[in-house]
Amino acid sequence: MMHPSNTRHALLDNPLSDLQQLGINGEGIKIGIIDGAIDCQHPILNHLNIECFSAQTGKSTSHGTAVGSIIGGKGVGIAPASTLLSIPVFHEDERGNIHGCSERTLAKAIRDARLNGCHIINISGASLSINGQGTDELRKAIDDCEKDGVLVIAAVGNEGRNSESLPASMDFVLAVGACDKEGFPASFNNYGIKLRNKMLLASGVSIPVATPNYDLSVVSGSSFSAPVVSAVSALVMRAMNVANDSRASKMIRDVLFNTATPLVLSTAGNRDSVVYRLNIQKLFRQIAQEFYHPLPKRITTMSTEEKMVEPAAVELLVPSIIDAQQDVQNVELDDDEVLAPSSLSQEASVPSSASSHATGLSLSKISDPAANHYVHAPARRVMPQSSALDARTIRDQEKVFVIGQVGYDFGTEARLDYFTQVMGNKSGYPFDPVQMAEHLNTGDNAEQSNALIWTLKIDGIPVYAIKPDAQFAVLEYARLVEFLYEQETKGVERVSIAGVISGETRLFNGQVIPTISPVLRGMFNWESQDISKMLMGESAVGTPKSKELINFINRIYYELRNRGYESNERAINYAATNAYQMKEIFDDAFAEGLFLNKISAERSPVSRPESDCWDVVLEFFNPKERLTAARKLYRYTVDVSDVMPVTVGTLRSWHAY
């Protein structure tokens, strides 16, 4: 924590300068910018420590550069001493139009930002949503941030609709809307029920920013309000000395809202709701009084207006984010004005100097931009499996080992019509999996299998598309046909697929899911009774021991169902399919009358170089003597660094109370 004496000369008549002094300009705070690529060589940004998560193969974007300059640019930035981590997920085409990303790509970017030490994550992108829930992947990524104290900040979107937006509407996300220099909410803010209950307003109209090619511009949009709040949060986090605290995200949200100015937002046809506007003056005094005792005397009376900050070369105004009014204000908005989307185009941008020009920077969409294609390019190029046979190369890719059921999709009307014709216009029904399985398994029809989008489903929900693209693609398609046929006609219950994520696929219903490039040696299917026969013999079928083994297999699938993406998930899923190790455990446990209590995976304290080892622990108990008998634990180590997990060492067991 900074010593009180360090604030002696900080109390000027500019509350933002005061807060910057108190927060040491965000020094030591790492902000993840999930946006387009940033122009790191821009004169306003070249002083910053900007880390790039991956090599930027594309050109820098106006949107990402603008967001970065608001956070830390010379003269226009609020936290110029902070560290930025650029994670590019948006890109611009030749015409300057920005294209968004899928929720899966966003979830991965959030996860990467958290794992790379970010304290704050800024997302200046949004997608309209009916309920604001998001996918389970996105929810998990944000939940993990909250557990670690990482603050996620997102723009509400610029469509001006009474609708939720992602990810701003999601739990634990600080939703940021724009207000003008007078403090009135911008008409282009989205204002769904969830957003109205959690929105924080900050300056988002006529914001001076840097753009690529050493240019400057003035822009508007909630896209540019979010980095204002992110930068202020960095100052507060540094001043409160709570970085790396698991409670940090909640503490920052609380202090921002507790010191904000409440506004009553009225729209035709909706109940009045209270939104809050960032109040730097009150925020500074709250931080100073709570964390720096005693509060030094002010040199001058605090101004209620933001002072101008002069950069080295060009005179630019700092975003007008100060609001000195602390009483509740009523803001009446005409409903027609609110519902009309604001066009954040060149007409809305005013040059800040003769040397700069206006650029139209709009809010990035977190959705699939490929409206007319069922497959679109991944946000980050993944090396094809055929050219990545080296295990050291595969180790750095996104690996999957997932358990589920195989399914299929058509993707387009044309593909659906094709199968309707080849299966018989009158008798064939392509949506019937039994008919499709029998059709593909007849004659040479297996050659039609690559016209389908093969999927891996969990509880009937497609979570991955399966697209063989390696040297064994023909055999992999044949195995998928076999899996479908045995699943629909012979009662096979599960399949397991090992592979690497190679992109994303759009299904017939518009859903976008990750695509797996499978490996043939990691494709299996099974039926519980067959496993029981294989491990325990024909005579054991129907016995209590056999039923307990089947219960264990089903429990892995139903209770611990997962996407098989995280390292611990792949370790657990591999444990469920490692039949011979499973037999060794159950022979011993059943002999002692023990039943499975829980299964977990934790990172192994002992690991081989360049490996990713996890200890899978199975805990058994005696249901007849739960209070007196010790639990028995079995542990074996799984290395998931390769696309196909392997066990390391031997099975260990011990008793524990």
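Counting begins at 1 with the first residue displayed.
Cβ atoms are placed via backbone N, Cα and C, with glycine included.
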Segment assigned the feature region 'Disordered' in TrEMBL (from 122-141, 342-361, 502-521): 342-361
All-chain count of other Cβ atoms within 10 Å of H63 (active site, charge relay system): 30
Separation of alpha carbons, H63 (active site, charge relay system) and S223 (active site, charge relay system) (Å): 9
Residue pair H63 (active site, charge relay system), D35 (active site, charge relay system) - Cα distance, angstrom, rounded: 7
